[in-house]
Amino acid sequence: MSEPRGPRHDAMSEAAQPRNDALTEAAAQPRNDALTEAAAQPRNDALTEAAAQPRNGGLSEATQPRNVAMSEAAEPRNGAMSEILEARNISKNYGGVRALKDVTFTAYRGKVNVLVGENGAGKSTLMKILSGSEQPTSGEILLEGEPVQLGSPRHAQARGIGIIHQELSLFPNMTIAENLFAGRELRKGGRFVDAAAQRRQAREVLHRLGQHRLDPDTLVGDLPIGQQQLVEIGRVLLTDVRVLIMDEPTSALSNHEVDVLFGVMDELRRDDVTVIYISHKLDEFRRIGDWVTVFRDGSLVAHESMSRTDTGWIVRQMVGRDPDSLYVRNSSPVGDVLLDVRGLTVDGTVKVDDVSLTVRAGEVVGIYGLMGAGRTELVETLMGMREASAGEVFIRAKTEPKGTVQARMAAGLALVPEDRQRDGLVPTMSVRENILLATLARMTRGGLLNGGAEQRTAKDKVGELAIKIPGLGALVTALSGGNQQKVVLARALLTDPVVLLLDEPTRGIDVGAKSQIASLMADLAAQGFGVLFISSELAEVMAMADRVLVMARGRVTAEFTAENVTEEALVAASASDSVLEASA
Amino acid sequence: MTDTHVAPPKHAAAAPPPDEPKNTALARAALLLLRGRTLVVLVILVIIFSSISSEYLTQSNLILMTKHVAINAILAIGVTFVILTGGIDLSVGSIAGLASMVAGGLLFKGLNFPGGTVFFSVAVVILIGIVVGALVGAVNGVLITRFKVAPFIATLGMLYVARGAAQLHSDGGTYPDLAGTEARGNTGFGFIGVDSILGIPVAVWIMVVVAAAAVVVTTKTPFGKRIFAVGGNERAAVLSGIRVNRIKIAVYVISGACAALAGLLLTSELGAAYPDTATTYELNAIAAAVLGGTALSGGRGTIIGTVMGAFVIGFLSDGLVLVGVSTFWQSVVKGAVIVFAVITEQAQQRLQSNLAKRTA
């Protein structure tokens, strides 16, 4: 697993070179100051090459002026650069959550503009706004310098802005040709669908996508997911698109398909089409991107020409603040093995492939990986929500073969799910009812619910976890994200688990609440629980976990201890090609 | 679409702070009115009809109307259990008919064994009728949980099957005399549908008992809370260790048993069992539940609301008959009231969530 480290270091030191050149050319005084500070990011081995400076707390403030200075400096150097799409001072609130904070983003004509950032950083929200499916709470959008209202996806399409979503929006019951022309069928005689012309054009598009052997009459539902993704891209290619937004289009593609896609993107770039490309895969987007924009916690933190960045710089921008200041590390001694998973395999579109792991008492184990790596499927199977096709689960050294939610719960597992709206909360119920849902049977006297016991138990947990609520009888939907998460956690804790499974416990909650959840996890470990948590945030997983497992394509591709883990190693292992090829 | 998306935050942001308490108070008052709308509608109905017809608000008419309400209310209470889990039960009318024929057959011609014919006492017959209803409900539940048939389809199928079974039971004929004889020891079936206690029909007492039991089960037992949880968010219920399939089967059993009981009351009242008993009653039952604020999406609703809904439907139909409105217009009015009820339900939900956001 340590193999990728060598070549990466080489690449980094090479990449670091042009950046330094650029700096000396531009030679703006404030920027230089900022750089030495910015470079002072802790826990990054590669960084020591750039500037061996002690850790500096004022990092996130320091990055801002530097980037402004940089992009200004860049302007005259690339004279032909022109802005096609500009989002000015965009903010977006969802209830109490600020998904975007005063973001000003620019996409350059005929370039591949890459957007990166951790899950929940605001990239997808901004793209939804630019493609008309969401409206900003404040701010304006300029297309070729003109302010535009993008009231709906149709409006955006009419102005030449197309989007390829991460989740496919195809009709599996229709053929490739029908999908390509859905909603804008070619006509014959003004009234009838011209199926022959559609088929002909579909074949041309498929050819352009390197799929000349694919029959346009194939049902989309019968295609593997990668080819479905290409069909989705083909849909947009058929429209007169000036700005093409792609939200993680390669997550389901094989290496060969990625090459084809990049070829298409190159072609689009030559045709002066602007591409906005969201990706998590650093090695991939560095191949194709012209500009890179980094989002963090709903803000745009950096905007830079790709040639002047390197992998380490991008990761630092993504991670941002000193993680140790935000998260509490668990430092309790570890005890017995509480959870022992051997060779767990789950079939399905997202599979779990021969996963073995252990969690000890007092230990916090993190699972890092990209979306679709099988992490959620792993914990859901452990919890008995999915059926395993192979493998064994031991809890407190006893095998638990039944694999039902009830049996796993009784054995001592509890899961706080990733999507608390979908899997965690009952929105029609009160805070109290939601907290007590899993342990109602204990709250009875003579078969009837004992209101006093209910109230006491719920109140105790609310106090213990410091949940902020208007009242125990208030609807759970009235709470903020962080407090909703604590309600789900409270319910899990009431089942007396020995190992807590937390799936993205800090997703979609603000920084303060993240920090609270983190210290709760450390506390729980200190009390002797085993904690297994999933995270897509590098900083979080590195700061909180005693051990980190990395999953990619259903398999554990790497394991690190808190001492030897690095951002680059995690990123590399999460996009591990060895596993990718093994599954293809 | 997009307009409605944007509107709430804009309003919330645009509302000047000093106005907010007043708006909130107004909204709270409106919400209270919306929550109690079934009662409000009922009161309005009584006022309108009693001003048109002096007979409407007499004791005898009120008792008669309440007796009519009882049968639909019992059906509707059963259906409410199902709807609370997010399901639907279209088979209750047919189950009522089947239970009616089973009970009627047992009373009229007994049970034929090779050794002779056996007659059961009325209490046993009633019990058998209810068990038959519960079993049919269990079949619904198993179809829905084990065989993953959509509730609408499973119970639609059962609507036909149970009705067919009712017709097969007598080959389409009617069991005309259910009075029984002393010699057979099966007299007294009229008690539940005809007799009164303290001047109030036994059927109404039965409705009260069923409703009270249902209120306790839904609000005071773990089982009741789990019903709401399954309807509110099935995945969260699964993750909370709730045996969702068991809960679902149980609510269809309850619905079937309630339907059978309603069918028996109707049969007792008529004094005869015929295979078309309670045809299309499932629609009245669902309408009562919806009128009473039970959300078809599950997780929201009350037994009291459903009973109120049954009263509105019953008092409305009887009132329209009393003032001489044609049956055609009766249908139109009933349909309009049901749709209107759903519209106000949505208004209530919007207001409720807006208020929750404002106070949060």
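Including glycine, each Cβ sits where the backbone N, Cα and C put it.
As recorded in TrEMBL:
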type	residues	note
REGION	B:1-20	region 'Disordered'
TRANSMEM	B:38-57	transmembrane segment
TRANSMEM	B:69-98	transmembrane segment
TRANSMEM	B:118-142	transmembrane segment
TRANSMEM	B:149-169	transmembrane segment
TRANSMEM	B:189-217	transmembrane segment
TRANSMEM	B:249-266	transmembrane segment
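Only pairs six or more apart in sequence are counted, and the transmembrane segment (B:249-266) with the transmembrane segment (B:69-98) gives three or more Cβ pairs under 8 Å, enough to call it a contact. Looking at which of B:69-98, B:118-142, B:189-217 has the most CB pairs under 8 Å to the transmembrane segment (B:149-169), the answer is the stretch B:69-98. Here the transmembrane segment (B:69-98) has Cβ contacts under 8 Å with residues 132-133, 136-137, 140, 144, 151-152, 155-156, 158-163, 165-166, 169, 201, 203-204, 206-207, 210-211, 214, 218, 227-228, 230-231, 234, 247-248, 251-252, 254-263, 265-266, 269, 275-286, 288-289, 292, 294-301, 303, 306-307, 309-311, 313-315 of the same chain, all six or more residues outside its ends.
Within its own chain, the transmembrane segment (B:189-217) is flanked in space by residues 63, 66-67, 69-71, 73-74, 77, 80-81, 103, 107, 122, 125-126, 178-180, 223-224, 258, 261, 264-271, 303-304, 307, which lie at least six positions past its ends and keep a Cβ under 8 Å from the stretch.
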